[in-house]
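The structure under discussion appears below in the form of C-alpha cells.
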Amino acid sequence: KGKCPEDGWDESTIELFLHELAIMDSNNFLGNCGVGEREGRVASGLVARRHYRLIHGIGRSGDISAVQPKAAGSSLLNKLTNSVVLDVIKLAGVRTVTSCFVVPMATGMSLTLCFLTLRHKRPKAKYIIWPRIDQKSCFKSMITAGFEPVVIENVLEGDELRTDLKAVEAKIKALGAENILCVHSTTSCFAPRVPDRLEELAVICANYDIPHIVNNAYGVQSSKCMHLIQQGARVGRIDAFVQSLDKNFMVPVGGAIIAGFNESFIQEISKMYPGRASASPSLDALITLLSLGTSGYKKLLKERKEMFSYLSSELKKLADNHNERLLDTPHNPISLAMSLKNLDETNDAAVTQLGSMLFTRQVSGARVVPCGSVQTVNNYTFKGFMSHANDYPCAYLNAASAIGIKKQDVDVFLKRLDKCLKTFRKEAKQEKSINEISDANAAAEQLED
C-alpha cells in the first residue's frame, strides 16, 4: 500500500527486506558484466555492507525521481520511501499534502532548489520577501540561488517576535508583485521568535499571485507547525514546504523532504535536481520509519509534547530562583527562552561566558543570546544577530524540547544551568564585597586626611 506500517518491524525483517531490494540491482547479479563508467563497483567490503549493497543511488541523470532500469531495487527503495514519508506527513497534520520526495541535501540547499525551480516560472523576479529569522542557512539559500532577500523586521508583541504583515504587503506594493520570486516564511524557530503568521501570509500570496515557500525545518514534530501549514494551504497559497530528515526523524544529517499540494510543481522541483543522487538519506529514513511504525512515531511526538510542558514548568521555577523570568512565548511550540537580564547587567561578557560554561559541561543545543551583537552574512549586516530583532529588550538563553528528548536530558540540563548561574551570583557577591571594602577604606583614608 506504500504506507508506513502501524507497528514497527524488527531489525532482522528490515534487513531481509533490504537484501531483497539489493539483489534486484544489476551490480549484485551473479553473472553481471559491466562495461560502463558507473557499474556499482565498490572497492571496500565495509562500504558495501554499510549501504546494504545498494550502490546505484536514486534517479537518473535527468531526474532524481526517475526509475533506473539496472537498479530496480534502489528505484523501488526511492519510490517506497517517498510514499511512506508522505503518509507520515499526513499523519503529522498536513492531511491534504499530495506529493513529496526525499532529496539528499539538507534544508538550506533544498530551499535553494525550490527557488531555482521558481526562476523558470518568474523570469523577471529578483526579490524574495523574507520575514527575518537569524539562522544563516535559510538566508544563504536565497543568496546561493541568485536572489536578493528583502528582510522584513519582526514586530514585538509582549515577549514574542511576530510577522509584520503590513510591512510584507507594503513591500510587495513597493517592489511590484511580478518582481518578487516568492515569500519565504518560517514555522519552527528559536524563541522568542514564533512561527510566522502562515495563514495571513498565504492569503496575501494568493491575492497578489506570488509563490509561497515555507521553511519547516523541524516542524514535522510539532502539531502546531503542521496545522499552520495545513490552514495556510486551505485559505491561501503554499507552493512547497521543506523539512529536515535528521531533525524530525532522528537520522544522520544530509537529507530533507520537499512537499507540497500541487503534484506537478513538486515533480518540477525533483526534475531540477541535476544528475542522480545518493540513496543514503532515503535508506536511513525508510529503515527508521519501518522500525518505528506509525504507533512508534506517534509515541515520540506525544513524549516530545509532554517534555515541552515539563521543561517549561521547570525552567520557569529555575528562572524565578535567579530573579529572571521565562519569556512568555505561547505561540512557539518547541523552543523556550529565559531572560539573562541580571547576568547581562552585571558583566558584559557574562552572557557569552555562560554559553561556554554550559558547553564545557556537555550541555549542547542551548543558545545564549547577548544584546546588540552585529554579524555580516553575505554582505548583509544584521544588528542584534541571533535575537531575530535589531533591539530585543534583554539577553536570554534558549532551550528546546525536540523529538527524542528524555526527562533525564531536561533534569541534567537544569541542574548544570543552575550551578553555572550560582557561580556567577557568587562571583558577583564577592566582587560587590570587595568594592564595598575598597569604598570603606577610601572613606576612612579621607577622614584621616
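Cβ atoms are placed via backbone N, Cα and C, with glycine included.
TrEMBL has this to say about the protein:
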BINDING   ARG38  pyridoxal 5'-phosphate binding site
BINDING   ARG60, SER61, GLN68, ARG276  substrate binding site
BINDING   ARG234, ARG361, LYS426  tRNA binding site
MOD_RES   LYS247  N6-(pyridoxal phosphate)lysine
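Across the residues the record lists as binding tRNA (ARG234, ARG361, LYS426), the two Cα atoms farthest apart are 55 Å from each other. The residue listed as 'N6-(pyridoxal phosphate)lysine' sits 23 Å from ARG361 (tRNA binding site), taking the Cα positions as reference. Distances between the Cα of ARG60 (substrate binding site) and those of the binding-site residues ARG234, ARG361, LYS426 are shortest for ARG234.
Across ARG60, SER61, GLN68, ARG276, which the record gives as binding substrate, the greatest C-alpha separation is 10 Å. Each of the recorded positions ARG38, ARG60, LYS247, ARG276, LYS426 was scored by other CB atoms within 10 A of its CB, and the lowest score goes to LYS426. Listed in sequence order, GLY275, ARG276 are the same-chain residues at least 6 apart in sequence whose CB falls under 8 Å from the CB of SER61 (substrate binding site). Taking the Cβ of ARG361 (tRNA binding site) as centre and 10 Å as the limit, one finds 14 other Cβ atoms among all the protein chains shown. Separation of the C-alpha atoms of ARG234 (tRNA binding site) and GLN68 (substrate binding site): 36 Å, rounded to the nearest whole number.
Annotated substrate site ARG60, SER61, GLN68, ARG276; additional same-chain residues within 8 Å of its Cβ mean position, judged by their own Cβ, are GLY57, ILE58, GLY59, GLY62, ASP63, ALA66, GLY275.
Spacing of GLN68 (substrate binding site) relative to ARG38 (pyridoxal 5'-phosphate binding site) is 12 Å (Cα to Cα, whole number).
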